[in-house]
Every structure is written in C-alpha cells, then in structure tokens.
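Undergrad: Below: one structure in structure tokens.
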Amino acid sequence: MVDCPRYSLSGVAASFLFVLLTIKHPDDFRVVGPNLPILAKVGEDALLTCQLLPKRTTAHMEVRWYRSDPDMPVIMYRDGAEVTGLPMEGYGGRAEWMEDSTEEGSVALKIRQVQPSDDGQYWCRFQEGDYWRETSVLLQVAALGSSPNIHVEGLGEGEVQLVCTSRGWFPEPEVHWEGIWGEKLMSFSENHVPGEDGLFYVEDTLMVRNDSVETISCFIYSHGLRETQEATIALSERLQTELASVSVIGHSQPSPVQVGENIELTCHLSPQTDAQNLEVRWLRSRYYPAVHVYANGTHVAGEQMVEYKGRTSLVTDAIHEGKLTLQIHNARTSDEGQYRCLFGKDGVYQEARVDVQVMAVGSTPRITREVLKDGGMQLRCTSDGWFPRPHVQWRDRDGKTMPSFSEAFQQGSQELFQVETLLLVTNGSMVNVTCSISLPLGQEKTARFPLSGW
C-alpha cells in the first residue's frame, strides 16, 4: 500500500481558484491615450494616438475611432485593412489611418483640414473577438480671428458708440475694453455669432462721451491659443470734426409694404455731400453680416446676410447729393422691423434708423354653419394669408360687436396667419351677421351671413 499525504478538499479547491484568478485571460489588455488634450488650429491637420497595452500586434484585431456612437465610426480597421463605406458624415476624405507602429499596438488617426465641428471627444477602441477596451482622446480646435476693427457711430446728445468687430474665432473668445491707463470699461452690448463655417463673428459695443480725449483699446483673447488680438483708437483725433460735420436722415414714419412687393429704404446726408467715395451699410441688428454694403463704387457681396442675397439693388442716381435708395425685392414677413443706414469713411459712421412694416391682406372670409343638437347654430368664419396677426370681429346687423365663442390663429411656412373664429347663435330672429378680419393699418375684409328661415 502506498501512503498518500493528506490534503483537505477545501484547501485544494482554494488553491485551484487562486491559480484561475492569477492566470490572465488570453484577450486581457487595456488602452491608453495622451494625458493632455490635442490642440489643433482650424485648417491644419490633427493627429490622435492611442496605445494597446501590453504592446502587441493589432493585425488580427478590430480598431475603430468614433465620436459618440461606436456604430458610426470616423474610421475603422479590421484584420489590418480599412473597412470602407463607414466614415461618419463630415469626415469623408479627411480621416486617414496612420501606420504608426501597429506591430507594437500603437495606432493613430489623422484628421486633415481641421474644422470647428471636429472639436471634442474621440474614442479609440480595440476589439478581439467579444472582448474590447477603449480610451478617450480630447481634440481642442482653435482659430485666431482677424485683427479687430473699431469704428465710431455718432448718436448725438453727447454720446457716441464704439463698435469692435472681428471674425474667424473658435471657440467663442473673450472681449474687453480698456482705457488709456489700463482700466477695464464695461461693454454696452456683446454679440458673438457663429457663422456657417462654425467660426465666431464678434461685435462688442462701448458707449462713450464724444468730448472724451481718451485712447480706448479693444482686446479679443483666445483661451485655447492663449493669444490676443487688439485694436486702439484715439477719440480726440476724429470726433470733434468728422462726426459734427454731417448727419444722416431717413424716413420719419414706418414704410408699409405688402408681401411680394418691393421695399424702398432711402436715406441721405445733410447737408448734401457727395457720397461716391463713402461706405454705406444697411444693417439689421448687427454690423456684420449686413443687408447691403456699398463701398468703392460697388456692392460688397461677401458681407451680405444669406436671407437677402439676390434680393437687393441700389439706386444711385442722386449719390452725388448724398442720397441712396436700397430696394429689397419680393418682401417677406421676416423683412419687417428696424433697419440702420450708415454712411462712413475711415471707420467713422453716422446713421439713421428706418422702420419697415410688412403686411399681407388675406383671402375674403368664408362663413359656414352647423346646426347644433340643442337647436342652436354655430357659425365658422375662416380666412388665410394674413400678416401681421389680424383682428377678428363678429357684428350684428346694427354693427354692434358680438362676442365670439373661440378664435384660433396658425402660421404657415411663410409666417402668414390662418384665421378661424366661431360664433354661437341662439336667437332665431337675428339676421345679417358679419365676420370682419382687419389689419392694424386699416385693411379689412368682411363676409355676411343671412340667418333666415331656420
């Protein structure tokens, strides 16, 4: 008989479990990326990297770079070859797989001609079979905008406004004003607007007294690039003479126009001054983009608002007298509101403001009736194609107002109002009920419904 050493069953089981826990799964790995964000300027290329640990070949793995959804990769490789037809929208032709050192598990994504929309987090995922690990890489996109331009607009009553403008920034920059001794000055208004390309246009306004002799500076700072653009203006050099020498006159009353017709905005210099060598800008709320810009004898198309492209023309017959008329063709409801007409030279402007009222007279009302179960009657008056929102009123045969049961207004794609109003009638002796729909400027359409024989 052979004697065997005594081992407890529980001890054997514990030892076996320990061995299992200390043996790594054959697919066990992790992924690491850069500790700091990757900074890239708009228009340049960005290189994002990640590393498989422990280091080993990725030849038989699936590797993908993606933003938020793994099923929509920026780029993906499987078994050493790119999987085509999958690039996320916006990255076609710009995302490139870089052969960094795939034998050691190092991969890289190059994004060409970086855009503002590329800013943000990316994920690098390695997958082998059903086992995967990933890490995130932060791409910070930045763009240094243009040198600021400070222009002066005269407001009268001892005050002027300084407007600091610049374009081409990303992300949104920080803007501040300083006086001659470096003291901070508070902005009157700030507008930082992203353009179609994702870059920010900056427009900050400062109010000052026009008898000031200070030098004032506008600073625009990029936190991402840690760089500043600045501009300085000495108020005493311009305001005493140029702003006081001329004023701009516009319409004193709002200009009403119907949808589809042409809007005419006329403004002129007083006293009469030849404006051929001046810059003239028609604006809405901001300096840029503009409704229409005239400079150096021609229209500056590159500064025009998208919604006005192809719809404006300039009448310059009296430009030698300082008079110009802007025509806005095919008026829309969105054209309603205030416009600013600026005449300027060398960054000094005077302005006038003109209000435009856009209206649309709708269809002739249509009245239909419905007999109710209780013996009463409900009249429904409908019409469409109105702007602005019209006033609706029911009147009896003597012209007295009758309270409506309900009123409903809906706006369609062109912002025109559709009207529906209900009237409950219980008095069978009532005849000649009128539905009236009118605009604030007095335009009115009516329909009459004779209530007889019921």
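Here the Cβ of each residue, glycine as well, is placed from N, Cα and C on the backbone.
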Undergrad: Choosing among Cys4, Cys124, which residue does Swiss-Prot name as bonded to Cys50 by a disulfide?
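TA: In Swiss-Prot, Cys50 forms its recorded disulfide with Cys124.
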Undergrad: Quick test of reading the record: Swiss-Prot lists a disulfide for Cys341. Which of Cys267, Cys381 is on the other end?
TA: Cys267
Undergrad: Given the recorded positions Cys124, Cys164, Cys218, Cys341, Asn432, find the one whose Cα is closest in space to the Cα of Cys381 (disulfide bond).
TA: Asn432
Undergrad: Any idea what the model's mean pLDDT is for the domain 'Ig-like V-type 3' (244-355)?
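TA: That stretch averages a pLDDT of 91.
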Undergrad: Could you state the CA-to-CA distance between Cys267 (disulfide bond) and Cys50 (disulfide bond) to the nearest Å?
TA: 62
Undergrad: Tell me whether Cys164 (disulfide bond) sits in a helix, a strand or coil according to DSSP.
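TA: The residue in question, Cys164 (disulfide bond), is strand (DSSP, three-state).
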Undergrad: Could you give me three numbers for the domain 'Ig-like V-type 2' (148-234), the DSSP helix, strand and coil residue counts?
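TA: Within the domain 'Ig-like V-type 2' (148-234) the tally stands at 0 helix, 59 strand, 28 coil.
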